[in-house]
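What TrEMBL annotates here:
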type	residues	note
BINDING	B:Cys634, B:Cys640, B:Cys674, B:Cys678	[4Fe-4S] cluster binding site
BINDING	B:Cys678	siroheme binding site
DOMAIN	B:3-277	domain 'FAD/NAD(P)-binding'
DOMAIN	B:315-385	domain 'NADH-rubredoxin oxidoreductase C-terminal'
DOMAIN	B:418-466	domain 'BFD-like [2Fe-2S]-binding'
DOMAIN	B:553-613	domain 'Nitrite/Sulfite reductase ferredoxin-like'
DOMAIN	B:625-764	domain 'Nitrite/sulphite reductase 4Fe-4S'
Amino acid sequence: MESMNELTTYTSPNSTDVAHWYRAARTTDFPENGGACVKYGDQQIAVFNFSRRAEWYACQNLCPHKMQMVLSRGMIGTASGEAKVACPFHKKTFSLHTGQCLNAEEASITVYPVKVVDGFVYIGFTA
Amino acid sequence: MKHVILVGNGMTSFKLCEKLRKLSGDIRITVYGEEIRPAYDRVHLSEYFAGKTADDLLMAPRGWYHEQGITLHTGELVTEIDRANKTIRTHHGITDHYDYLVLATGSGAFVPPLEGVALDGVFVYRTIEDLNQIIEYGRHSRTAAVLGGGLLGLEAAKALVDLNLEAHVVEFAPRLMPRQLDDAGAMILAHKLTEIGITVHTGKATKRIAGDDRITALEFADGTALPVDMLVISAGIRPRDEVAKACGLAVHGRGGILVDDYLRTSDEHIFAIGEAAVHNNMVYGLVAPGYDMADVVARQLTGDLSKTFTGFDMSTKLKLLGVDVGSFGDPFGETPGSIPIAFQDRCNGVYKRINISADRKHLLGGILVGDASQYNIFHQMVANKIPLPAQPESLIIGTPGKEDEGAGVKSLPDTAQICSCENITKGDLISQIRDHGARTIDELKKTTKACTGCGGCTPLVNDVLKMTLEGLGVVVKKTLCEHFAFTRQDLYDIIKIEGIRTYDALLDKHGVGDGCEICKPAVASLLASIWNEVIAEQATIQDTNDRFLANIQRGGTYSVVPRIAGGEITPKKLMAIGRIAEKYNLYTKITGGQRIDMFGAQVHELPLIWEELIQEGFESGHAYGKSLRTIKSCVGSTWCRYGVQDSVSFAVFIENRYKGLRAPHKFKGAVSGCIRECAEAQSKDFGIIATEKGWNLYVCGNGGARPQHAKLLVTDVDTDTCVRLIDRFLMYYIKTADPLTRTATWLNKMEGGLEHLRQVVVEDSLGIGETLEKEMAALMANYECEWKKVVETPALRAQYRHFINDEASDDTLSFVDLRGQKMPTDWNRK
Ligand SMILES: Cc1cc2nc3c(=O)[nH]c(=O)nc-3n(C[C@H](O)[C@H](O)[C@H](O)COP(=O)(O)OP(=O)(O)OC[C@H]3O[C@@H](n4cnc5c(N)ncnc54)[C@H](O)[C@@H]3O)c2cc1C
Ligand code: FES
């Protein structure tokens, strides 16, 4: 993986509201073009390394369909250019930009801003 | 605000609530239901026996009424209506004032006035409470009869079979389902029922139910008797008109509240709908006309008088698994001058009858037994008066292909109702596609709600979609997805010819965008089928199961299945599995493929478990892959006194030969040692049955939801030939099938069908036989146990953890105990 020493910013609706950037793990800990689950207190956050697009995304690990803690194991991809994740259970897909469910009427998921500094991945929380 | 009170909270009452709220928020709605639960789906009541809970069956949870601003009182029987003061009164003494009253009281089971109906062990079949009592009593019974061989009676009889009772059906008429079937159809049906364990007694007039406190037998007019431990009466329905009658509304002599075309009773402020109503001398014992009545009333209460209820046809389908019966339009040809055409195949248990009009232009109705797949389209043809083809008999003779159905859809008018649950017409669907750009079934489902109820209309909706898109000139090319404008077969050739080894390389060169959950696993499968390299190297393009080389289960844990070729295992290895399963607290279950599945492993435990399994000499069973599952076998000539060949040795050999081979979908095989076929080889993708002279090879069978018998490819071939033909067959399948297509579907769609396949595989008509064999040999030479590789490679092993930043395991997992083993908590209850 390329070294990422500069601060990269990511499209996220509320990255300006971030009160706390949590240092999650090294960039190299994540699989390329895939995700892993980060523990933040008692929360589970799915973080995705979309290396093909040199982008990072984060969202809740819980799939709202059957309330399963699995989204980090989902496959990522795009729909008309919009990054998304597909739940491994029943392939409901969610936008990684807005959290909206793209192929069914499930509740939206929470997405979090991500930044990379000095080879570390940070997730932004508002509180 | 206008106050509408509904008496009864059954299916039509619920529908009325839904429709009223859709039309207006401006009406106060109060519902009084006698049953303790909110309205539930009575039509699917029998699924209660198959594991559905009372909650699963609810039309909507209690909270829904609250959200909709509807006041719901359950467990309240309305006992009085004071029409002068416009009030009702319940048995608990609640009184309430209405502006309009709707009686949706449904019906009760009709119980004939026989001696003994009050004995213990005699039941009716209408409510969840009835079912609970039947289940309870059934625990201490061995035999049970159903009085009445109609639609409901047969459903009840099947339920008794499911309760492990010896089931009988007693019908007064000389045939079953007398109101829907003719003699020929009923005979085939009786035969089918016998096959699923129901004994049929027709032409039996029941004289008396015998017993002192509890039932012991049924006694018939002909002097015979049938000893039984319990009885379910299903002799018809009786509309619940008692409150209506008591307050002086006009009722029918045989029961039921009289209504006009506006569903108005003799009091203009009171309506009646559903099974309680009598319209034009008819009680409609089906849910669809009840829903239509609800629609008419909802409109009137909101000021739209344009729609009236003008009757409804009584077409029905029997909902018994494996027993297809449909009756539609005028099933008996009672229309003057109608001409019947019938087709009967007693060997396969199929009977089809259509009645056409005297001028041979229209379908009037008919009967389908044994194969009701044309029910929907025929029903539409009757309802919409579709012109018949020149040879109407072609409709029922020969097997209907997909194309016929497509043509059928084309001839339907735009007003034809396609989805009856949501009342969606062909025109609605077309407008979504043409004017709003819907391109897929999913989009149609989302925008119109079609197919979201019972789902029975999905094939028709699919046909409408295909037809409309073609009409619009949208090329319905079977491209993989938005990222690849190729079919799977195109991509197979590209990858092979250009020697492409990774997903990214293929996407860069031949695709657009960044991939998705459709093309990634499809390409992963192709790469595996072509190069057979360890898939863990490109983990993130694999489907979940392939990504972690295990099957994900409810709750997010995984199951582990080591290979047990041919179902043969030593006691030592059995003990090893037992020891390991116990150590990691795994739930164990013998699978249908003759091996052992261990459930409940957390992701970080997988490499640990496999490390131990590999030490004991096990390999991956590839239960997670689109690849060879198992070769099932029966014990064959080594032990069995009937066996003519050594089926187990052959099965072990074949399973080891194709293990790890990846294909468009999973595939299974079996080897039987004689024609008794104990290994069920004819339900497999390829099946081998021993003969005196060698082996018979069958291909493209399938079990599962759409069972299909395998077709005989060759007979009496020797072992080497048999293996060579399987090599070719599998390789041809791998190269040409669409993604996620089982061999059975692949064959069904193949031009030229079985004959073409035989030409290619056996006669080598394309001259590719040798190539196919070589390609197979190359794949087999590349086999490596994926789990061994992962266990031995630290970088791959490192991916197996729940949290990337913490050693903890997932603490949201929860289990319950079931028969001494652990189970995930039901995900509907979380
Ligand atoms: C086992 C079974 C299988 C069926 N299968 C099919 C099928 O495959 N296809 C099909 O179309 N139809 C089927 N039906 C018929 C279908 O269920 C009925 O047509 C439908 O339920 C009728 O709806 P309804 O609202 O008129 O009556 P119901 O659903 O019976 O509701 C009436 C409700 O009113 C209550 N009630 C009665 N009197 C009062 C009162 N005075 N005060 C308060 N509450 C009162 C009753 O307790 C009941 O809950 C089946 C029925 C059964 C029992
Ligand atoms: S649990 Fe995620 S799609 Fe069903």
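Glycine too: its Cβ is placed from the backbone N, Cα and C atoms.
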Contact yes or no, the domain 'Nitrite/Sulfite reductase ferredoxin-like' (B:553-613) and the domain 'Nitrite/sulphite reductase 4Fe-4S' (B:625-764), 3+ Cβ pairs under 8 Å, gap 6+: yes
Among B:Cys634, B:Cys640, B:Cys674, B:Cys678, the most crowded of the binding-site residues [Cβ within 10 Å]: B:Cys634
Helix, strand and coil residues within the domain 'BFD-like [2Fe-2S]-binding' (B:418-466) as assigned by DSSP: 28 helix, 4 strand, 17 coil
For the domain 'NADH-rubredoxin oxidoreductase C-terminal' (B:315-385), mean pLDDT (0 to 100): 86
Residues in the domain 'NADH-rubredoxin oxidoreductase C-terminal' (B:315-385) grouped by DSSP into helix, strand and remaining coil: 9 helix, 34 strand, 28 coil
Near-site residues: [4Fe-4S] cluster, ref B:Cys634, B:Cys640, B:Cys674, B:Cys678, CB cutoff 8 A to centroid: B:Val635, B:Gly636, B:Tyr642, B:Gly643, B:Ser647, B:Ser672, B:Gly673, B:Arg676, B:Glu677, B:Ala679
DSSP helix/strand/coil residue counts for the domain 'Nitrite/Sulfite reductase ferredoxin-like' (B:553-613): 30 helix, 14 strand, 17 coil
Residue counts (helix, strand, coil, in that order) that DSSP gives for the domain 'Nitrite/sulphite reductase 4Fe-4S' (B:625-764): 54 helix, 33 strand, 53 coil
